[in-house]
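Here is what Swiss-Prot says about this protein:
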BINDING   Gly18, Leu19, Ser20, Gly21, Ala22, Gly23, Lys24, Ser25  ATP binding site
BINDING   Asp69, Leu70, Arg71, Gly72  GTP binding site
Amino acid sequence: MDNNEKEKSKSELLVVTGLSGAGKSLVIQCLEDMGYFCVDNLPPVLLPKFVELMEQGNPSLRKVAIAIDLRGKELFNSLVAVVDKVKSESDVIIDVMFLEASTEKLISRYKETRRAHPLMEQGKKSLINAINDEREHLSQIRSIANFVIDTTKLSPKELKERIRRYYEDEEFETFTINVTSFGFKHGIQMDADLVFDVRFLPNPYYVVDLRPLTGLDKDVYNYVMKWKETEIFFEKLTDLLDFMIPGYKKEGKSQLVIAIGCTGGQHRSVALAERLGNYLNEVFEYNVYVHHRDAHIESGEKK
């Protein structure tokens, strides 16, 4: 059995954690539909015992997802140490997924569901303070996550699609590059590892015929690409990424999020994200996906 076959035969454990209200339950439901054995809110101290069960070769535990959150606050503090210990001592492949969202979006979701945040301590603490405290408590586990997903702008359907994209394919290459266009006026892409600002390029918005279109339209794309500044920028950008991306993979990252922003996220960033996605697909044998976060907002299209 070669090394690739050995890797495929190993059991896989995905620890799903993150901010309350960011979508952990939805992710667990999605993974369960995809055939994962799912456990909700396992105390971190029991994680090594659970991994021991997985190592016994039970077929039903070959792919496992465990949701862990701050409901057991004291127990949660040991999570990073436990994950590190299990990774160093077990043959089980362990990934950590961290879900987050903006404070404003989390507040909105809690108001919609009328549920109490687990750290509100029966009304002794305000919702915004509970969210801020949780964000602080989770900063360490976030720092070791293989996947960080910002669900602020994602609908439940879009979040499920992203999870399926990552985990549904048995032959899935473990390194994924997500290229996202966005508009600065709608907020920065919070889960981005690299952010590039292209607002210095000539803006198609000021060409009347191009204003209602997006960077997905040929006329807008050609307008953005015809400038010398664009060519110089793209050449320097790809040189940088050619150097950096292999290093990210070598360091054990499973995902790299590259965000390209312009003013509204409709023209320049969309065109360049498309071009970059095509380039990365040609140069690397990784999974490359392109997403346009705000193009539909500015163009007036329905999502």
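The backbone N, Cα and C atoms fix where each Cβ goes, and this holds for glycine too.
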Between Ala22 (ATP binding site) and Leu70 (GTP binding site), the C-alpha gap once rounded to whole angstrom: 13
Distance check against Leu70 (GTP binding site) for the binding-site residues Gly23, Lys24, Ser25, keeping those with Cα within 10 Å: none
Residues satisfying Cβ distance under 8 Å from Lys24 (ATP binding site), sequence separation of at least 6: Val16, Thr17, Gly18, Ala67, Asp69, Leu99
DSSP-derived structure type at Gly18 (ATP binding site), helix or strand or else coil: strand
Residue among the binding-site residues Ser20, Ser25 whose Cβ has the most other Cβ atoms within 10 Å: Ser20
Number of Cβ atoms other than its own within 10 Å, given for Gly21 (ATP binding site): 25
Around the Cβ of Leu19 (ATP binding site), the count of other Cβ atoms that are within 10 Å: 25
Neighbouring C-beta atoms (10 Å sphere around the C-beta of Gly18 (ATP binding site)): 29
